[in-house]
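Reading through the structure tokens given below for one structure.
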Amino acid sequence: MDTIFAEATPPGRGGVSVVRLSGPKAHATLESLAGPVATPRMAALRALRDGDDLIDRALVIWFAEGHSFTGEEVAELHLHGAPVIASRLSQALLARGLRRAEAGEFTKRAFLNGRIDLAEAEGLADLLSAETEAQRKLAMRATEGELGRKADELRSKLIRAGALIEASIDFADEEVPDEVPEEALDLIKAVRSDIQGMLASYPATERLRQGYEVAIIGPPNAGKSTLLNRIGQREIALVSEIAGTTRDILELHTDLRGLPVTFLDTAGLRESSDPVEAMGVARAVQRAAEADLRIHLSVDGVPEETLVLGDIIVRSKADLGRGEETAISGLTGEGVAELLDLVYDRLRVRAADSGLVGHKRQAEALQRAVAALAIDDSLAPEFLAEALRQAAQALAMMVGRVGAEDYLDEIFSSFCIGK
């Protein structure tokens, strides 16, 4: 196994730069640069030298094999944050036979060495890309191994049910028993119900992980772009009295009280002889249909498009008068805070339905498991036992206990180099 290294901190100038090593030569390499560092898991200030060249004075620490994140020998060198120092250290490490780590290779080694399961690795990737508090909390549940523990619990029940069925076959007076033990059937029903519940929460979990989209739709000159600018508190969209100014969909990524929300400013909905504007309108209609929530904005408060349950109808340009409760003014800000309250309340309800399964790969594994368990209770015991084995294997694959090879490159390539 190669010993690898990479900067664990972002490249560029900063207060501190951390270089991480992992592999069988990590400790020996550290001592070749810093002198004896005998005590693991204890930081020490050392001069780093490559021959007669003093590279830097750094805080160093190492972890013994089996007691590190990767499961291998690991060393960390906390340097001063000038890029030239990390570059000079890299030269010294390459000269000692180490190689630069690939993206996500430290985490991949942690998985291969049994330090984390695949769901925890996916959770770590989500944590590193989290932009809001809700996403952070969701990712932390995954990194703490909740999904892996749930999968193991369900597998244990299936294994118990399978053992009861196998025992009924092995010790039956007849060649093949006619009935499946009642305890086994109860366990199968309980597992099937749990998996169906996990699958039911997948869409909400996936949306929270990816972020919600809220489309602002309505006729031309309804104030959609002005509203987007007001929400973003900066000029994002060009505002003009000329109808049809907005043609492309403009996006505003926001943290709405911990929820990841992207507001979409769309082209004004109308029939147009201008082919470019017509394309913009068509895209607006499609994107609005795909959005999680729609704000129907118009001067008269009458929506242009068919309503979907949960949509919000708002009369714009409240600064012009008429003082209705559902009116807003993107120009003055009147009613915008109340509108954002309403958007948050709508999305918060959906976020509350989130669970443990937030990745397509995980959901597909659960679908295979529940399909294997979609069996008639009157099925012959030997066939039922085989169905249980298939379901248990699908659960094991969900967290990478078996058959994870096809997913490794895709999952770990999303990490940064030093993770």
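Every residue gets a Cβ built from N, Cα and C, even glycine.
These features come from Swiss-Prot:
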type: BINDING; residues: Arg20, Glu76, Arg115, Lys419; note: (6S)-5-formyl-5,6,7,8-tetrahydrofolate binding site
type: BINDING; residues: 221-226, 240-246, 265-268; note: GTP binding site
type: BINDING; residues: Asn221, Ser240, Ile242, Thr245; note: K(+) binding site
type: BINDING; residues: Ser225, Thr246; note: Mg(2+) binding site
type: DOMAIN; residues: 211-348; note: domain 'TrmE-type G'
Which of the binding-site residues Asn221, Ser225, Ala267 has its Cα nearest to the Cα of Glu76 ((6S)-5-formyl-5,6,7,8-tetrahydrofolate binding site)?
-> Ser225
Cα distance (Å, whole number) from Ala267 (GTP binding site) to Arg20 ((6S)-5-formyl-5,6,7,8-tetrahydrofolate binding site) = 49
What does DSSP assign Arg20 ((6S)-5-formyl-5,6,7,8-tetrahydrofolate binding site), in three states?
-> strand
Quick one: Cα separation, Arg115 ((6S)-5-formyl-5,6,7,8-tetrahydrofolate binding site) versus Asn221 (GTP binding site), in Å?
-> 57
Between any two of Arg20, Glu76, Arg115, Lys419, the residues recorded as binding (6S)-5-formyl-5,6,7,8-tetrahydrofolate, what is the biggest Cα to Cα distance in Å?
-> 19
